[in-house]
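A.B. asks: What follows is a structure written as structure tokens; I'll ask about it next.
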């Protein structure tokens, strides 16, 4: 048996050769023969994927030598494409369909919310090229190695929830133009396309996102061109006076649909050039999120608000649970070309669901060291097997499903964003302060947070979330007083100073840095 080695001298080659190596301070990991054998098979499979232009990379951080892709504009296209689609159209439709808001209130709420909330996923996108880490791996530097299991698990649930929503919308859209309308076939097709792109990996995903926004943009132009006269004739005021509670709750749902990209966006820059300036990456990402979100939220809000005044549109929307039916009804005036555009919009719904599935897989791999060795496509198959039947069942109660999932996302993302950003701006400040290559998978490494501060901040925010949330099954006393659902906003504001205080205590009494 070879002698013990220091952490800094351990290379990837030595890990393969030595049955016993040090991976951290006072921590020894022994690799049993079966594990090394499995790893050997996994390495061969990944090499086979790479030889065919597919990605076999797991969650280990990419090195600066691997981060050489200078096409930083892809940071714009991936997020523009992920939001120029029917799911983003549906997010804004909640205002008129569920909260009874008029066109003007819906527009103002969406624009203000988008301008503010797009800042957060755009800055998270900077972490990818600069650190080369997946979002949940990067969270270990604030949550700790074991504490990061909490956001990783929640992110798996969140991404799976978004997959279900996106597949329902894709299924409804395709089903609206079939001879026998049914969302089932569309849900299956959307799930399988998402699986195929996720299997191919990072490069193919970026290539797919570079082009699949085009038919959706054409469809939006046609929608507005053939229906502009109708939209201008619709009253812009609220059908009934809008309460502050309904506006704030709607804003929270829209905000959740945007900030839900925070634990995703770093994953799609880990092979792009680390030499690009942070500001350049941020601007590309911000414009990608903002332009697409504002466009689709305004279009979705406009047509949903106008539906009660146009019988054909109202029939397509049904009882408010069929966004695909509304899209098909709006494009019906374009005849056969309109049906073609509806099919294109349905088949490009995976532009939103593919990043969700990909990140669900990488988040699951972060939960347990053993999952790191499992090929990503196996997790993608499991994800698809879950989302298709659940999506078929959930399609009958779309808006209830949609609003509850969006609210759940917002509740945990408030503290999560506050913790990660406070760690970066207050305690790290420089990219080199992370020491990613040495610390990312070493629980006791001094550059890795212990996680006590993050876990405490998250747990202590739960009572605050409970009193500020508004759901069908529970409305907290603050929300009941007329504020609406402000749980995400309040938990974010609370978590910034709480984490800063708790993290200073953690630094004082532990060996983390």
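In case you wondered, yes, glycine gets a Cβ from its N, Cα and C as well.
Look at TrEMBL and you will find 76-99, 105-124, 145-165, 185-205, 212-230, 242-262, 283-303, 323-347, 377-396, 402-421, 453-474, 486-502 tagged as transmembrane segment.
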A.B. asks: So are the transmembrane segment (105-124) and the transmembrane segment (212-230) touching or not, going by 3+ C-beta pairs under 8 A with a sequence gap of 6 or more?
C.D. replies: no
A.B. asks: Can we call the transmembrane segment (453-474) and the transmembrane segment (486-502) in contact, meaning three or more C-beta pairs below 8 angstroms at a sequence separation of 6+?
C.D. replies: yes
A.B. asks: For the transmembrane segment (242-262), name the stretch out of 145-165, 283-303, 323-347, 486-502 with the most CB-CB pairs under 8 Å.
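C.D. replies: It is 486-502, which has the most Cβ pairs under 8 Å.
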A.B. asks: So which residues does the transmembrane segment (377-396) touch in its own chain, when a touch means Cβ under 8 Å and the partner is 6 or more beyond its ends?
C.D. replies: 160, 163-164, 167-168, 171-172, 183-184, 187-188, 191-192, 194-195, 198-199, 321, 357-358, 360-361, 364-365, 371
A.B. asks: Considering only Cβ pairs within less than 8 angstroms, which of the stretches 145-165, 212-230, 283-303 has the most against the transmembrane segment (323-347)?
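C.D. replies: Ranked by Cβ pairs under 8 Å, first place goes to 212-230.
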A.B. asks: When each of 145-165, 212-230, 283-303, 486-502 is checked against the transmembrane segment (76-99) for Cβ pairs under 8 Å, which one has the most?
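C.D. replies: By the under-8 Å Cβ criterion, the transmembrane segment (76-99) pairs most with 283-303.
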A.B. asks: Are there residues at least six beyond either end of the transmembrane segment (283-303) with Cβ under 8 Å to its Cβ atoms? List them, or say none.
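C.D. replies: Contacts of the transmembrane segment (283-303) (Cβ under 8 Å, skipping residues fewer than 6 from its ends): 72-73, 75-85, 88-93, 95-96, 103, 106-107, 110-111, 114-115, 118-119, 121-123, 125-126, 213, 220, 223-224, 227, 231, 254, 258, 261, 265, 313, 323, 326, 330.
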A.B. asks: Six or more residues beyond either end and a Cβ under 8 Å away: which residues meet both conditions relative to the transmembrane segment (212-230)?
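C.D. replies: Distant contacts of the transmembrane segment (212-230): 77, 80-81, 84-86, 292, 295-296, 299, 303, 306, 310, 330-331, 333-334, 337-338, 341-342, 344-345, 348, 350-351.
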